[in-house]
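Structure, as structure tokens:
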């Protein structure tokens, strides 16, 4: 990796960290903000958050697909500008509908940035560097989510608007970093006069369909597991013990990701991805079974969370590698945008968990999640066996 590429990559990783800190400082407090500022009831807040998140995901798909037609550096700058503008606008308006729309803009912009960031890495990094850098980026995201919420807690105690201003300030530095140090994507420069680009390709690629469905199921299991666990513990015990469990599970998850993500991710390659993704699935299942038997033992909750997190550590770079392998060179951002639809699985997890916990024995929740992650693994294998674009199967 030459000096220019190293600077560009470092600038993008730092930008990813700062934007995630800003998002982490605000997203957990949106319910408090809507309650205090607009006196919304709990159910209305739930509807508002769901609408905003759904709009953000849907529009980010379209904008992410369009990113393949433009310079990715400029596209990331536009996404960050929209991200910062949304936070500033929320503090200036006095209308709940506008707040929801601006929150949707924030989520859309963040998703677009994350998608184009992956595409930039795919365009410019060597095959041996991609999973290493993506693992580092995933570590940055977890560090951001570790730092952001405590900062937001401190600021919201002073003023309900301060977390939003922090997020806007955090956005200013990435704009500077990207403008100065990030080079234009070599793929865009080489193909902007005659690239072959068609969104219809997304609908015709069976491997992408299998991988997206697999990602949806995997994110349903792992994307909101902390809230899922807290719902479960509140049913079998009480709110106080649920807080203790979450206080154990989240630090264990963050510590495992920060310390192991790079060392595990850098070992992923086309030759061993099937075996490692199978091992990751097994870790998910063992962790979920461990949750069933953890009961009132915080030690068992922590140990089960550690095993569960190993599955997450393997799946994150593995899913990136799978999509990168099947995406045509001119459509990297489009493919990563389609993959991002899988995160809708995490969005519906709290709703489904609530239904399961109120209609079935509590332990059945983790049995269902174990079956879901096994289904995700089966769909992933179907995608691996597909042969897109005349390529050989991945492994």
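Note: Cβ is positioned from N, Cα and C throughout, glycine not excepted.
Pulled from Swiss-Prot:
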TRANSMEM  12-34  transmembrane segment
TRANSMEM  44-66  transmembrane segment
TRANSMEM  75-94  transmembrane segment
TRANSMEM  99-121  transmembrane segment
TRANSMEM  134-156  transmembrane segment
TRANSMEM  160-182  transmembrane segment
TRANSMEM  208-230  transmembrane segment
TRANSMEM  245-264  transmembrane segment
TRANSMEM  271-293  transmembrane segment
TRANSMEM  298-320  transmembrane segment
TRANSMEM  341-360  transmembrane segment
TRANSMEM  364-381  transmembrane segment
For the transmembrane segment (99-121), out of 44-66, 160-182, 245-264, 271-293, most C-beta pairs under 8 A are with 44-66
Can the transmembrane segment (271-293) be said to touch the transmembrane segment (364-381) if we require at least 3 CB pairs below 8 Å and skip pairs under 6 apart in sequence? yes
Looking only at the recorded stretches 44-66, 160-182, 208-230, 245-264, which one has the largest tally of CB-CB distances under 8 Å to the transmembrane segment (364-381)? 208-230
Is the transmembrane segment (44-66) close to the transmembrane segment (208-230), in the sense of at least 3 CB pairs under 8 angstroms with a sequence gap of 6 or more? no
